[in-house]
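Step one of this worksheet: look at the structure below.
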Amino acid sequence: MKKLRVAILGSGNIGTDLLIKIQRSEFLECVLFIGRNLSSPGMAKAIAMGVKVSDESINAIVKNSDLVDLVFDATSAKDAKNHWDILDKLGKIVVDMTPAKLGIFCIPAVNLEEVIEHRNINMITCGGQASIPIAYVIGKTQKNVEYIEVVSSIASRSAGPATRLNLDEYVDTTENGIKHFSNVPRTKAILNLNPADPCIDMQTTIFAQVENPDMGYLEKEIDIMIKKIQNYVPGYSLLVPPVFENGRIVIMVKAQGLGDYLPKYAGNLDIINCAAIAVAEQYSKNFNNIK
Amino acid sequence: MSLAKNKIVFEDCRASCVEIESFSILDNQSILITGGTGFIGKWLAEMISFINSVSDVNIKLYLLGRDITKFKEEVPHLAEKNFINFIEQDIRYVHDLPSDINYIIHAAGSPDNREHVSDPLKTIETFYKGTQSLLDVASRIQNLKKIIHLSSHQVYGRNETEELISENYFGSFEALNVANCYAESKRIAETLCSYYKNNLRLPIVILRPFAFIGPYQDIEKPWAINSFIRDAILGGPIRILGNGLTERSYLYASDMAYSILRSLIVGKVGEIYNLGSNKPISLNELAFKIQGQSTVKMEILSKSSKENYLSISKLVPDTDKITKDLNVREIFTIDEAINRTILWNQLNKKVK
Amino acid sequence: MIKQILISDPTLRDGNHACAHQLNAEQIAIYAEAADKAGVPIVEVGHGNGLGASSLQVGLSKEDDKTILETARKHLNKSKLGIHVIPGFATIKRDLVNAIDIGVDVIRVASHCTEADITQRHLGYVRERGKEAYGVLMMSHMASASVLVEEAQKMELYGAEGIIIMDSAGAYLPSDVQEKISALVNGLKVPVGFHAHNNLGMAIANSIMAIESGAKILDGTARGFGAGAGNAQLEVLVAVLEKMGYVTGIDLYKILDASDIAEKEIMSIVPTIKSDSIVSGLSGVFSGFAKHVTRISNEYEVDPRDVYRELGKRKIVGGQEDMIIEVVMDLIRNRK
């Protein structure tokens, strides 16, 4: 088997955590870790791990185009747009961690097979990775779902300046993602930051308005879905199984991080990274004809 | 409309540029401006554009900034000029620059307090790492003649006197103020300048800017004069936040640009100069002036946490040194400055 | 010297918490008109958690934001129309643009007391539109005075022209109010305000303490109609302030009339300090949780007081209503 050669663009928290996760993968090899500043903590970590690094941003891939099959873009929405113009021409596969929304929305537990037909895959949002699979199951098992709402609470310390400045984009993208996968016309996403010490784990509640819910079918399918997600997000768990309360279905899930580069409470960053790696691994499996 | 707007700027450059012949020394020289796409960068580009167009001098410009596309959208008439070259880069990560640079004006970094408090680390990195990266590269440039480092009046801390602030003043700092990261990183940047000047003999001149006003300054910035003008353009009321007796001063943008260029040719290496207006005006007077220049009637409201303040904040520079060494003076009065700024912004809005 | 106090009346916003967000357009019209007549400077309307907050999480509104705002707008002449906006619930594009287009005058952008930096963009947008922008720090009992000052300073720099701290849990004693308001008045340039809840019977006393400590803005609602044990009772507040020589611009007789109308027309129950509310206040739980805690505790037969205690222990913040279910489930599990 030949490991898929990947590059990581962006040496911040997301990029560095991806790097550590990739080191464990049987299917992926990180051939290039790229940022803009060789003295950043992420770069230092990569150098210490013996990974080839570059501070030349997108040019590093242009120069080493033959060495790279897939690029994780962990920069910003604005940069990701510029990068894609170049990477598209180079024929690279891009797993986009930013909210640039250039490619197909991906929830590995739902549409992994479909997305690997594409070359630009968008990982939506962290809250989306936690809630959309559940919303999808609700949409699939229940008739006449009028409305789905997801509420995520994350530890304040896991939300950096960019997240805080871009709450509106988070809400907007997550709502679109739920609509897309559940086929429910009205959706709403809410995000709470909780400063409690010790830090809370990321927790997401999914509500749905349904006239006559089929709870048995729902419970069965939710269990299957949870196991499917746990295959690539080990810290994902069902906190409160489906209950029908006050005219609404309520399901609660929790995402604890693996504690790789970031602490365990940063489950929000962990889940989107785990999902992105599941996508890249699927490409690798396909190239190697592994089922 | 766009033409009328650009004409204001061009005429202002003409009015401020008193000794235009003194810039012949810059003929065929290259100037790098970091933060080249910001308020100061745009005005320096306008002033040099003016000098290039009305005299025989040919000055080449490198504008370094993070978002060149935005600059091209905002000032297409400058972006198309042949003497302007762009370098799209983040100042923090600069490691190589064109070798034909003769002068550097270091104006990178946002003075917007909102950004400072929301992302203090980035603020500190921009001024500390950014200045260090730049000076490192500068020390490897062969024919470099001068570097103008734009610091900030905030390095003075609080002014506890009623005097104008002279270059050797040193005030106190509130330990717990959330916006301190800006002043502190500007101070470390000056310390870096001092090192590069003493040990590596870089020809550095430091300017400490106070408040400016004029076209290209975003009236959404949360500073008093910008807010008053914005309030006035929207039809009022003009809202004074905090102590209305607070005193500031405002240097008009084209006067600022001219002073910076003068410092490039006659500023003394190793010296520090205040850059601003030495004419104090209280926020109350300022609001009153802006109200007076509006065509519609509007109220002035005062909103303050306290009735009585123990001291009146006064941040106004003593400009004797820069006046004497650089032979510069304020051409635009505060009334003219307000008038031009409102006019330009009204034209700018209609263009949108 | 005249001591002027700015009163903002969120009867039609905080009161929505007290009736599961079921205020209808007619009720909004009736009270808005009465408050306007009384000369209330700012009438705040909306879902209990503000703009864009109608949800299964917090409760669905009887009327949508557009109806609420248009109705209130129509019935306010002198009074300014105010709204409460929490980033994370309300977005600029989806909610705030429309609200300002409808004619809202005063926008109070709120966050949990330690998270002021999520308000930067929303405050910036309000300023851009030239409207009155305030910053609100909710659940302020959960942060120390020095943290509140830092967070409030951020909001001030973002462009807030006043900062209001909320005692969202009704947890303060007058000495707490004195400490925090004094620190804020000292540390800020812009006026400071206080929003009380009455869980420990301190709403009026705390409001007065806030004023005596230098606050210039107070919130009060007719009959105290608001979340949990309710707010500072507006008509009492106006009377007390008048007795103390403060000026509010509100006509006492007319605000008494308005509160009578409110009791008759918009309240199914006048808020009182229920036994549960006392425990809620002692535990420092968001007042807006009260209806949910009562309902879910009844449904699953657990003692609501235990639920409040546990919510307080877990430091749950406003907007985390879903945690009530989890806490109740945990209590049942541990009982077994």
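Glycine is no exception: its Cβ is also placed from the backbone N, Cα and C atoms.
As annotated by TrEMBL, domain 'Semialdehyde dehydrogenase NAD-binding' applies to A:5-118. Per TrEMBL, NAD(+) binding site is recorded for A:S11, A:G12, A:N13, A:I14, A:S158, A:A159, A:G160, A:P161, A:A162, A:T163, A:R164, A:L165, A:N166, A:N268. TrEMBL lists A:C126 with the feature active site, acyl-thioester intermediate.
Residues from the set of recorded positions A:S11, A:N13, A:C126, A:S158, A:N166 situated with their C-beta under 8 Å of a chain B C-beta: none. Note: A:N13 (NAD(+) binding site) has non-local neighbours A:G42, A:G160, A:Y261, A:L262, A:A266, A:L269, i.e. same-chain residues 6+ apart with C-beta under 8 A of its own C-beta.
Under 8 angstroms separates the C-beta of A:R164 from a C-beta of chain C, among the binding-site residues A:S11, A:N13, A:S158, A:R164. When the binding-site residues A:S11, A:S158, A:N166 are compared by the number of other CB atoms within 10 angstroms of each CB, A:N166 has the fewest. In this structure, A:A162 (NAD(+) binding site) is part of a helix by DSSP.
Cα separation, A:A162 (NAD(+) binding site) to the residue listed as 'active site, acyl-thioester intermediate', rounded: 14 Å. For A:C126 (active site, acyl-thioester intermediate) paired with A:N166 (NAD(+) binding site), the C-alpha to C-alpha distance reads 13 Å.
If you draw a 10 Å sphere around the CB of A:G160 (NAD(+) binding site), it holds 14 other CB atoms from the protein chains shown.
Taking the Cβ of A:A162 (NAD(+) binding site) as centre and 10 Å as the limit, one finds 15 other Cβ atoms among all the protein chains shown. Fewest Cβ neighbours within 10 Å among the recorded positions A:C126, A:R164: that distinction goes to A:R164. Taking H, G and I as helix, E and B as strand and the rest as coil, DSSP gives the domain 'Semialdehyde dehydrogenase NAD-binding' (A:5-118) the counts 49 helix, 24 strand, 41 coil.
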